[in-house]
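Report on the structure given below.
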Amino acid sequence: MADVDDFDSLSNAELRAKMLAQGLPNIPVTDSSRKVLVKRLRASIGGQASPAASPKKTNRRETLAPAPGAPSAPAAASTPVDKLDGNKVAPATKARRTITAAEAKEPVRRLPEEAIRRRPDEADRLRSEEPVAARKPTTAPAAQPVQTRRTSTSSGSERKVVEPLRKPETIVEQPASSKRADREENYLKVNSLIVLESDEEEDEQLVQAADLVEQEHAARQKTTKLASSGTTTYEYKSKVVEPPRRQVYEATAAPVLPPSVPSARAQTTSSTRSYDYASNPAPGRYSSFVRTAAQGYVTAEAPPVASYSSSYKRTYANELSDDTDSKEDQYESTFARNLARLRAERIGDRISPYSRRTLASGNAGSGSLGYEPRARRSLRPNDNSVSEAFNRWLNSLEQKYHIKSKLFIVLLVLLLIGVYYIFY
């Protein structure tokens, strides 16, 4: 232990020589690596493995430094491996490598001490004898893995030769497969003939079905033509209208009627156009009757349809009104018309009554379609006096701050102060 404790007092060169004598690799000793190398040296002297050295680095340095002593260890280690497991080649080689790395350390590290202590002649004699001893065991076991390989390859080749003998068995089965192929070909030929015959039958059925569809379609077209010719039937009834009025909106042109209709139209100057649903002879699901804007209203000595004109003017008050009022008004009841008039009166003028005027007759409240609305007046009243504005301002202050009671208290205090100054 005294030798171990003296490492801290040694210089770098002495410590390096001590490491080489112990069998450690030739590493230069510096102040930074001194502690690590001292630990490795103490571990090697104590019989422990160096903690910081990896096996790869030690193997490289050990094989390079002592050249003659290295082959003796693997040679000695290779003999028991071949004897224990001679049949398996790959595990034997792996076992050699791992055992040599472990066993080669001690003789390599202790060779320099023996060489230093003994004479140089004895060291040379040991180095010359060790390779001779290493050559003897390596020659004999080297042949064993070769023999095992030869036996393994020969056994594998024998198995491979035996396997092709089974091929004639498959050749014997070929005529049976050829019979099956012939049967399948014959079966396909028979089926193909059946498929062709069935295609012809389907084609004939398709042609017959197409003819039936064409015949049914032609019959339907004939029935629809007959039904459409009798759907547009109109019944005109003469009726006296009181009071008469003029149309003040622009109506769309009426559809062209059948040639039998104008004769009935020429007989009456004032008539109501109504559609009689009971007189429709069409048994179909849908009717071709289309109701237009020129039907369903009452005319009283009105000019022809083409001469209708509108004197309705667009103003700011009715700018946002519906554009289809003229079309929808004919379906409205009198109650709906009166309600619309009352709403217009409320919206228009808030002081004077607002009336809907008919442009043609000038009667107010008659429920006519066209009217000329007046411009809306401003919401501010006309008479704004200063006293009324001041009263409104006082009322607002009273509602918000209750200022009357506070003003009364202030005036009472001022009155008391005045009385005090007057009498005292």
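The backbone N, Cα and C atoms fix where each Cβ goes, glycine too.
These come from Swiss-Prot:
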- 1-50: region 'Required for binding to Med and germline stem cell maintenance' (REGION)
- 1-30: domain 'LEM' (DOMAIN)
- 42-186: region 'Disordered' (REGION)
- Ser44: phosphoserine (MOD_RES)
- Ser50: phosphoserine (MOD_RES)
- Ser54: phosphoserine (MOD_RES)
- Thr63: phosphothreonine (MOD_RES)
- 65-80: compositional bias 'Low complexity' (COMPBIAS)
- 92-99: motif 'Nuclear localization signal' (MOTIF)
- 103-133: compositional bias 'Basic and acidic residues' (COMPBIAS)
- Ser152: phosphoserine (MOD_RES)
- 157-170: compositional bias 'Basic and acidic residues' (COMPBIAS)
- Ser192: phosphoserine (MOD_RES)
- Ser198: phosphoserine (MOD_RES)
- 259-278: region 'Disordered' (REGION)
- 262-274: compositional bias 'Low complexity' (COMPBIAS)
- 271-400: region 'Required for binding to Med' (REGION)
- Ser321: phosphoserine (MOD_RES)
- Thr324: phosphothreonine (MOD_RES)
- Ser326: phosphoserine (MOD_RES)
- Thr358: phosphothreonine (MOD_RES)
- Ser378: phosphoserine (MOD_RES)
- Ser385: phosphoserine (MOD_RES)
- 406-424: region 'Essential for nuclear membrane localization' (REGION)
For the modified residues Ser44, Ser385, the one whose C-beta sees the most other C-beta atoms within 10 angstroms: Ser44
Structural state census, the region 'Required for binding to Med and germline stem cell maintenance' (1-50) (DSSP three-state): 31 helix, 0 strand, 19 coil
DSSP state at Ser385 (phosphoserine), helix/strand/coil: coil
The region 'Essential for nuclear membrane localization' (406-424): DSSP-derived helix, strand, coil residue counts: 18 helix, 0 strand, 1 coil
Between Ser385 (phosphoserine) and Ser44 (phosphoserine): CA-CA distance (Å): 121
For the domain 'LEM' (1-30), mean pLDDT (0 to 100): 78
